[in-house]
Amino acid sequence: MAPPPEDVGGAAGGRWCGGARWVLLGLALGQFVSLLITSTGFASSELARRGINAPTSQSLLNYILLALVYGCVVLYRRQPLTIKWYYYLILGIIDVEANYIVVKSYQYTSLTSVMLLDCWSIPCVIVLTWVFLKTKYGLRKFFGVGVCVAGLILVVFSDVHAPDRAKGPNPLKGDLLVIFGSMLYACSNVTEEYVVKKGNRVELMAMLGLFGATVSAIQISILERNELHSITWNAGAVLPFLGYAVAMFLFYSTVPTVLKICGATMLNLSLLTSDMWAVLIRIFAYHEKVDWIYFVAFACTAAGIIIYSYKGSKEAEETAQVAGASDEHGKEGGEEAGAENPA
């Protein structure tokens with residue numbers, strides 16, 4: 001017997017509510033990673049202020065934590081890799097160099113400039129996802145991106161006209177490094193989105209940590225040995241190093257979930273608010289005065305993110321199904337691995 005119409009509507013409503021919950025979760029996690037990236041920016045800026053120039057060394061501890069924590073889970077499950085190992089090697093190289101270039105830029109330009117210019121990753125991500133992942137973007141999503149960028153332009157306008165803005169010793173070089181690094185970040189994000197939707201999140205983090213740590217160690221031995229020897233390892237140097245590593249570890253652990261729910265474009269849009277969070281930290285932690293335009297820009301960017309992430313009932317249902325199916329795939333993979341390789 002066919003179910004009554006009320007049941008069908010209730011089921012559809014339940015699926016829509018489930019999809020809406022995934023969207024809200026994606027928005028919340030997006031702002032969480034935005035706060036984390038703000039924390040890494042302040043840590044890098046503090047190290048640069050102290051004359052410490054070891055960008056690869058900053059990221060090494062993060063990769064080691066990823067390899068240890070998620071690698072233990074992968075070994076415990078004893079399941080074969082869902083993606084060929086050399087793809088993870090390529091991803092590790094891209095990710096290490098992106099972190100190196102962006103952290104290096106703090107030596108030449110200001111924190112605000114870095115956090116503004118990395119928005120170049122957004123058009124790069126849109127092009128890459130459209131070409132390689134066949135992601136479709138409607139007018140509403142482009143409008144949401146436009147509103148976000150408008151908010152960013154307001155921040156740029158206020159920042160450029162600020163008389164006390166710290167520009168850094170070589171702003172042009174630093175800005176070019178940020179732009180190139182943001183392009184590498186876009187490649188890394190799109191690759192991670194593909195892997196996390198086709199494979200397994202834990203496997204991605206473990207292999208990225210393994211190859212990222214390996215590439216970082218090789219690069220440190222070539223480029224940063226003298227710099228590490230010259231550092232005076234007191235609390236002022238150690239704490240920013242540790243803070244950067246912990247924030248990056250939490251960032252890397254959360255990003256795959258955001259990519260699975262919302263995609264790489266939404267992740268990069270969420271990271272636009274990192275500059276606004278930096279402004280709030282400057283207000284409450286350092287008691288600095290900022291222009292009122294910052295608050296308008298924050299509201300504008302937040303509105304653009306909401307417009308972009310808004311989904312109709314059909315889209316919300318698809319989001320819930322994709323996220324749920326990915327979780328089920330991971331669970332089934334773990335159960336099959338346990339059956340084939342009992343502990």
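Each residue, glycine too, has its Cβ placed from N, Cα and C.
Residues or ranges marked as region 'Disordered' by TrEMBL: 319-343.
According to TrEMBL, the feature transmembrane segment maps to 20-39 (among others).
TrEMBL lists 60-79 (among others) with the feature transmembrane segment.
Under the heading transmembrane segment, TrEMBL lists 85-103 (among others).
The transmembrane segment annotation in TrEMBL covers 115-133 (among others).
Summarising the annotation, TrEMBL assigns transmembrane segment to 139-157 (among others).
The transmembrane segment annotation in TrEMBL covers 204-223 (among others).
According to TrEMBL, the transmembrane segment annotation covers 235-255 (among others).
According to TrEMBL, the transmembrane segment annotation covers 267-286 (among others). Within its own chain, the transmembrane segment (267-286) is flanked in space by residues 27, 30-31, 33-35, 37-38, 41-42, 111-112, 115-116, 118-119, 121-122, 125, 144-145, 148, 151-152, 155, 186, 189, 255, 258-259, 294, 297-298, 301-302, 304-305, 308, which lie at least six positions past its ends and keep a Cβ under 8 Å from the stretch.
Per TrEMBL, transmembrane segment is recorded for 292-310 (among others).
Listed stretches 60-79, 85-103, 115-133, 204-223, 292-310 were compared with the transmembrane segment (235-255); the greatest number of C-beta pairs under 8 angstroms is found for 60-79. The stretches the transmembrane segment (85-103) and the transmembrane segment (292-310) are not in mutual contact, being linked by fewer than three Cβ pairs under 8 Å (pairs 6 or more apart in sequence).
Between the transmembrane segment (60-79) and the transmembrane segment (292-310), fewer than three CB pairs separated by 6 or more residues in sequence fall under 8 Å, so the two stretches do not touch. Using a Cβ-Cβ cut-off under 8 Å and counting only residues 6 or more beyond its ends in the same chain, the transmembrane segment (115-133) has close neighbours at 38, 41, 102, 145, 148-149, 152, 155-156, 159, 175, 178-179, 181-183, 185-187, 189-190, 193-194, 263-265, 268-269, 271-272, 274-275, 278.
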